[in-house]
Amino acid sequence: MAEVKPEDMVHHPPMDQLQGFEYCIDSNPSWGEAIALGFQHYILSLGTAVMIPTLLVPLMGGNDHDKARVVQTLLFVTGIKTLLQTLFGTRLPTIIGGSYAFVVPILSIIRDPSLAQIADGHTRFVQTMRAIQGSLIVSSSIQIILGYSQLWAICSRFFSPLGIVPVVALVGLGLFERGFTLVGKCVEIGLPMLILFVALSQYLKHVIVRHVPVLERFSLLICIALVWVYAHILTASGAYKHATLITQFSCRTDRANLISSALWISIPFPLQWGAPTFSANHAFGMMAAVVVSLIECAENVSILQTTGAFMAAARLASATPPPAYVLSRGIGWQGIGTLLDGLFGTGTGSTVSVENVGLLGSTRVGSRRVIQISAGFMIFFSMLGKFGALFASIPFPIFAAIYCVMFGIVAAVGLSFLQFTNMNSMRNLFIVGVSLFLGLSIPEYFSRYTTGSREGPAHTKAGWFNDYINSVFSSPPTVALIMAVLLDNTLDVREAARDRGMPWWARFRTFRGDSRNEEFYTLPFNLNRFFPPS
């Protein structure tokens, strides 16, 4: 066998920014293309905007009309939060939507005996919503303080390329239950959607129409339209007439009851459910969810989830990693978003929409303007209730099929940070492997325990403590961050700086460490004069 010459070996040097993106964070497609792409992001965001109220509102005692109002409110506030984040926060092309990290403490509020004993369903719904609002308002202070005081910037200095890998990877992989598990509830709709989307977006991506790769860029819209029509034909033909209720709920296009329940015009407004009520127990439990969401966007319960998603979004927008100052600024604005959730009554808190981050990579368009246009669609259609409800009636398995691809892309982006580390180091292999495994295993234990006994592993007499522990350790990105940062900063730290990727990472820890940071993250309207980077 002939010896391989060094010049024939394939080398892939580490790249600060992903290549092959036609439009990065600060470059824009034509207005027509940008509007179509923005509408595509809006359609994708509907999945979470409908799923969370569908899960929570019936448990709160609400009816279909209440659910339609919560969906409208969540979309309206999501649009506002997205505009604020893309203008004044990290400025990354991210949609700030509802967070599943808040479900655990919200369920605890719903089961509170003082609320559960209310006989009238609508009255119980309103009182529960007001209790959730109060908890969100109080818990938002954590994000606001951590962000604007730059405390989160100080905390993020313990991150490294090695430590961030499990966090970002599990921002995607940790959501596996929202993937094929939901596709399988209506295979005849979900599986064709998954196959068609992969075929159009990947195998036929080179189809060009007027210099635009139409199928790569707009495959999501095309696939949803085709499969939605197919699902409606199945529904109208009576294919599910004798099916189980679960199958009908998952497959039929007329089961959500959103269209009939929504008003033609309805503008959400603050305190629309009444004055929020405040409880120390409820607020402490919600604060745990805030911490989780920070990771998921860094990514876990809210702050941690958000950090991970910001890192992934920066990579998929062909930008440099956000400096600590910018991350902290984004967390502060996420806190403002959670405050708006509490004031308007969305029924959940804020985090970065992971599926929309994945769509940046699928379309290879990381433009900030596209996301801002998407926010405009959210605000507009949330006020036109019937039209918004029409799009929101898309069956869940269609969204789940898309999630299988989008969450996978985000997970792969997390793994791409390994290129800046030495993966021939047993230390690094240990940290990444243990963090990934426990990041999946511990939350799975908490999930199965809760499913079997209807209470979390932490079930002391202190309800706020139970919510805190159960929320934090039910979040894969949060557990991964705790393990990765702890091990990476305590195990052979001084000797392993180069193996950890710190020489490359050092440039992006401060705002002025790399000249490109100013291009990507400077505030608009010359606001940096009044809020200079620290």
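Numbers run from 1 along the shown chain.
Glycine is no exception: its Cβ is also placed from the backbone N, Cα and C atoms.
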Candidate ranges 65-86, 131-152, 461-482, 483-504 [criterion: TrEMBL lists as transmembrane segment]:
131-152
94-110, 298-314 - the range that TrEMBL marks as transmembrane segment:
94-110
The transmembrane segment (370-392) vs the transmembrane segment (39-58): 3 or more CB pairs under 8 Å:
yes
Look over the recorded stretches 39-58, 158-176, 183-203, 218-240 and say which has the most C-beta pairs under 8 A to the transmembrane segment (398-417).
158-176
